[in-house]
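Student: Not my notes, these are from TrEMBL:
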DOMAIN    15-262  domain 'Nodulin-like'
TRANSMEM  16-36  transmembrane segment
TRANSMEM  77-98  transmembrane segment
TRANSMEM  110-136  transmembrane segment
TRANSMEM  174-195  transmembrane segment
TRANSMEM  207-230  transmembrane segment
TRANSMEM  242-262  transmembrane segment
REGION    273-301  region 'Disordered'
DOMAIN    360-578  domain 'NFD4 C-terminal'
TRANSMEM  366-388  transmembrane segment
TRANSMEM  400-421  transmembrane segment
TRANSMEM  433-452  transmembrane segment
TRANSMEM  458-479  transmembrane segment
TRANSMEM  491-512  transmembrane segment
TRANSMEM  551-571  transmembrane segment
Amino acid sequence: MAKVKEFMVMFFNNRWLVFVVAMWVQSCAGIGYLFGSLSPVIKSSLNYNQRQIARLGVAKDLGDSVGFLAGTLSEILPLWAALLVGAIKNFIGYGWVWLIATHRVPTLPLWVMCILIFVGTNGETYFNTVALVACVQNFPRSRGPVVGILKGFAGLGGAILTQIYASINWPDRASLIFMVAVGPSMVVISLMFIVRPVGGHKQLRSLDGSSFSFIYCVCLILAAYLMGVMLVEDLLDLNQTIVRIFTLVLFLLVIAPIMIPIQMTLSRDPLDPKEESLLASPRTNNEPAKPESEPDPNDFIFSELEDEKPQEVDLLPASERQKKLAQLQAKLAQAAARGAVRVKRRRGPHRGEDFTLTQALVKADFWLIFWSLLLGSGSGLTVIDNLGQMSQSLGYEKPHIFVSMISIWNFLGRVGGGYFSEIVVREYAYPRPVAMAVAQAVMAIGHLFFAMGWPGTMYIGTLLIGVGYGAHWAVVPAATSELFGLKKFGALYNFMTLANPAGSLVFSGLLASSIYDREAEKQAQHRNQRFDKLFVGDEPLKCEGSVCFCTTYIIMSALCVIAVVLSMILVRRTKVVYQHLYGKTRG
């Protein structure tokens, strides 16, 4: 009995258990990607027009991205309490929408519906924040893979929930809203006490590398499986039993990573002391900072390197540059110890140290990340929000295929972006934002494919945009934590997510919709029809052909090129930081 109790304690405090459970929580954080399936139900039930649905979409994007309260509460409350708040908001927001859509309660004005959609979707920000905060602290030296996998499951959440709904086969289409309100809330509440920091910096094991490889394999199999199931269910008329078997296999794939913490607990593989010595214990919010009279020499010596190093050092090969920086750091340490050099202490932290949000907001690097993210992810979200209209304008009869495809490519982009960026920093000690520049270059090409509107380009464009957009959300959180610290990571991350609704509002809500309406009106006038307003009866004005979005996506492509330039400026500015963070581990 004592051994069973010991096993349960070790299992419950295993950082891999926290990671796997956080993956499941993140699967419930993809509600926003289901809006394309929810909006037709709301539109038909409440007799909304397309412009009113677009306003609900903006409220959804705001709810999905405005996470200041989630970031603040994650620093004040226990993480389980923050998850509970998110589950309650999800249940109340979408639960009330379900009651209205099924006419169980009186219909409310549009602005109240926008608030309900905002509140329901805003619950995701709590799931995202808690999962990321807990796991980047538990895996401080594997932030790229961890963030990529977690954000990947958030991107795939919509496809997973859609498959579960298909297996239930409720006759009422509004029941999808009910499932969104109840399902994620129940899952999160049942798991909320597991997702927390557990001293992961002390749990390095030799099996960690193979464990990440196993999870990557599961992710690839899961994405390929969902893609196959989607195509089979779309092309063939399957009976409900087969659909439920598909869903059961999906559950088994999602649950499969639980084998890792079980194996870790049973094997009790000894800790590698050399690896542990490379990591410092992350300071919690309650730990006092070091007194000003006793600064850590490594902290201020690193901050002085940027001022004292000769400019020609940056032009040297990586190995030579690392040696020169190490020699300069040793000289500064000796000089400071003798009192021969008086180290200048700038006000506030330096890059790589712990920043508050207020301190980060005055840093150029912070705004370079934000604006690069706004241009890159904002243009990608424009595609996601308009994918249905785009496919219809090009003559595709089943636009939901592209909606599901971009969800899967988004998932692979997040997982792959985390993996690729980790290779960049681990193997070459090169700044992680270079992976963001690559993703934005890929997206620029994808937008050009959309602008052409040639046969088959929808498939290529969906692939490139989905992968590029997803990679942003693996690279940006990890880079932000590296440059501005983990102490206030929740607030910093949630400020970065504001780039999504800002980009959606400008690029989709203003630019894309205005160009679409203008081209649709031209086509209507060409058909000798007179329109005094956008809608006649219940039929929205429609645009046909590649001209509907051609101008929009040429502009989006140009914006992605600008984003590449901003990312490369950030890469140049942060080379020394990444050499300091990862250069030592390469040897």
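Quick reminder: no glycine exception, Cβ is built from N, Cα and C everywhere.
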Student: When you scan the chain for residues with a C-beta under 8 Å from the transmembrane segment (174-195), skipping those not six or more beyond its ends, what do you find?
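Tutor: Long-range Cβ neighbours of the transmembrane segment (174-195): 12, 17-18, 21-22, 24-25, 27-29, 31, 34, 37-38, 41-42, 45, 79-80, 83-84, 86-88, 90-91, 93-95, 97-98, 101-102, 120, 123, 127, 130-131, 134, 161, 164-165, 168.
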Student: I'm checking region-level scores; what's the whole-number mean pLDDT for the domain 'Nodulin-like' (15-262)?
Tutor: 86
Student: Can you tell me which of 110-136, 207-230, 242-262, 366-388, 433-452 gets the most C-beta pairs within less than 8 Å of the transmembrane segment (400-421)?
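Tutor: The stretch with the most close Cβ contacts to the transmembrane segment (400-421) is 207-230.
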Student: Might you confirm whether the transmembrane segment (491-512) is in contact with the transmembrane segment (366-388), defined here as three or more C-beta pairs under 8 A between residues 6 or more apart in sequence?
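Tutor: The transmembrane segment (491-512) and the transmembrane segment (366-388): touching, yes.
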Student: Apart from its near flanks, which chain residues at least 6 from the ends of the transmembrane segment (458-479) lie with a Cβ under 8 angstroms of it?
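Tutor: Those are 132, 136, 143-144, 147-148, 151-152, 154-155, 369, 373, 376-377, 380-381, 383-384, 387, 390-391, 394, 396, 402, 405-418, 420-421, 431-433, 435-436, 438-440, 442-443, 445-447, 449-450, 493, 496, in sequence order.
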Student: As a test: from 77-98, 110-136, 207-230, 433-452, 491-512, pick the stretch that has the greatest number of Cβ pairs under 8 Å with the transmembrane segment (16-36).
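Tutor: By the under-8 Å Cβ criterion, the transmembrane segment (16-36) pairs most with 110-136.
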Student: I'd like to know if the transmembrane segment (207-230) touches the transmembrane segment (110-136) in this structure, counting it as a touch only when three or more C-beta pairs sit under 8 Å and are separated by 6 or more positions.
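Tutor: Not in contact, no.
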Student: For the transmembrane segment (242-262), what are the same-chain contacts with Cβ under 8 Å, counting residues 6+ beyond its ends?
Tutor: 11, 14, 16-17, 20, 23-24, 27, 160, 163-164, 166-167, 169, 211, 214-215, 218, 221-222, 225-226, 229, 233
